[in-house]
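S.K.: If you scroll down you'll find the structure; I have some questions about it.
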């Protein structure tokens, strides 16, 4: 009996020590936010690429240096989404000057392109005719000329090594390979890179890109001119023309990235959002937020089931009004969209639209007055980064649909975009019986409309508060809006702001798409208000964000694509 009491006594003592230990230890573990860095942070959609950016910053590189090095890596590890055969937009905050600027390096239509070249065919989605003039490398060049600190060639070295020696297929690339399995296995040039024994690679298997490594080495040594007016130019044109394209040497010679010194901006309480204007979707994002800020959202807006259901109904209605107006946007160098953009950025206009939102019900598509129809655009990749000096970059890059044009050069290893598919065509018959948008028709040298919106938010003192953007085609703009709403208005930490289940509505089709883990209170509330909802079998977009936190910079790379941030 005594032995039994002795054992029980010892167990009790051990339990006391365990409980005391947990009380001391838990506050320092479970209470500590994930991925908070005291000095600098880089959030990409691939862990290794975030680490490359961090390493560049620790070497003394600028935030633009880090972004370029990370983007080159992302073009390998998520080659289905972006790469040097595509184009991008940078939004850059320079803490020394206190100014935000945008660099436009989006692809343009070749000079032999014309409005009716596709005639409702699939040629805009794959093959040489779908390839627009790439802008990626010219974009890197201009950004580096303005803000670079380390030598240009240094930024290429990590990706040259990765391409030459190989890297494991990550979650995002594995999903894309599985989705496009048939076309990849039937396309020899693609299968040489992305297959093993004739079957697409699986997650964790090693992929090498030796030809692309050689091309990156040439670009590192010779600069951007090698691509546009140098040793790589003739082969690029040959590859595209042999695949049925119309690109010429002159198209590459004449391509220039554009500096925009006064991007769009909007006041959000004591903060200011900066974002690119058309042909990107900054005006759409601004209209969504302008409509919604009149509701004075706060943590209370999602505190009860009733409030949460109403709040999400209002959000979806704002999406629908904004996407109706998106159909009138196009490249401002070719079409006069100044009045449309003025309206979309006007608080008075947003107030008028907000007054048309009824809290009891949604409405048929015609209620929101869509002028035209715009087809979906494709996937992308996004990076958000902040450096020690408080400078920041939001960069969104794309080759459009998964694996772009499916034209991969067996000489240079470059995978080319299918950005021509982002234009509208007068001969395209859509299922909604809404006319295609003339503002987005093809013209030589024109840029197609895009959903991308790399965003930087500054506080009232001009310091970075949030850097955010997304990939995921037409769902990009709504997902960036939700991340901003979650962070600024609902008070979520950055991880929750990014990971919170999302929903999307672009008016046409007249369906609200929701992720499977979304709160049932939200879907029930939408149903009561006559929304048609569908659960997506996959996910809605992929967001990367960095937010100022008490301990420094809190960073989040969306788990939907398997990314992870890095910093120090």
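Glycine is no exception: its Cβ is also placed from the backbone N, Cα and C atoms.
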S.K.: 398, 399, 400, 419, 422, 450, 451, 473 show up in Swiss-Prot as binding L-glutamate; which entry in 106, 111, 138 does that record put in the same site?
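M.R.: Record source Swiss-Prot; matching candidate: 106.
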S.K.: In Swiss-Prot, which of 5-26, 27-48 is tagged transmembrane segment?
M.R.: 5-26
S.K.: May I ask you to report the DSSP-based helix, strand or coil state of residue 191 (disulfide bond)?
M.R.: helix
S.K.: Where the distance is taken from Cα to Cα, which of the recorded positions 106, 380, 399, 419, 450 turns out closest to residue 343 (N-linked glycosylation site)?
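M.R.: The answer is 450.
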S.K.: According to DSSP, collapsed to three classes, what secondary structure does residue 399 (L-glutamate binding site) have?
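M.R.: Looking at the DSSP assignment, residue 399 (L-glutamate binding site) belongs to a strand.
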S.K.: 10 Å Cβ neighbour count around residue 229 (N-linked glycosylation site)?
M.R.: 14
S.K.: Around the L-glutamate site formed by 106, 398, 399, 400, 419, 422, 450, 451, 473, which additional residues qualify by having Cβ within 8 Å of the site's Cβ center?
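M.R.: Near the L-glutamate site, the remaining chain residues are 86, 87, 107, 377, 378, 380, 417, 448, 452.
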S.K.: Rank aside, I only need the closest one: which of the recorded positions 229, 399, 419, 473, 510 has its C-alpha nearest to that of residue 49 (disulfide bond)?
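M.R.: If we rank 229, 399, 419, 473, 510 by Cα distance to residue 49 (disulfide bond), first place goes to 399.
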S.K.: Could you measure between residue 106 (L-glutamate binding site) and residue 380 (active site, nucleophile) for me? Cα positions, answer in whole angstrom.
M.R.: 12
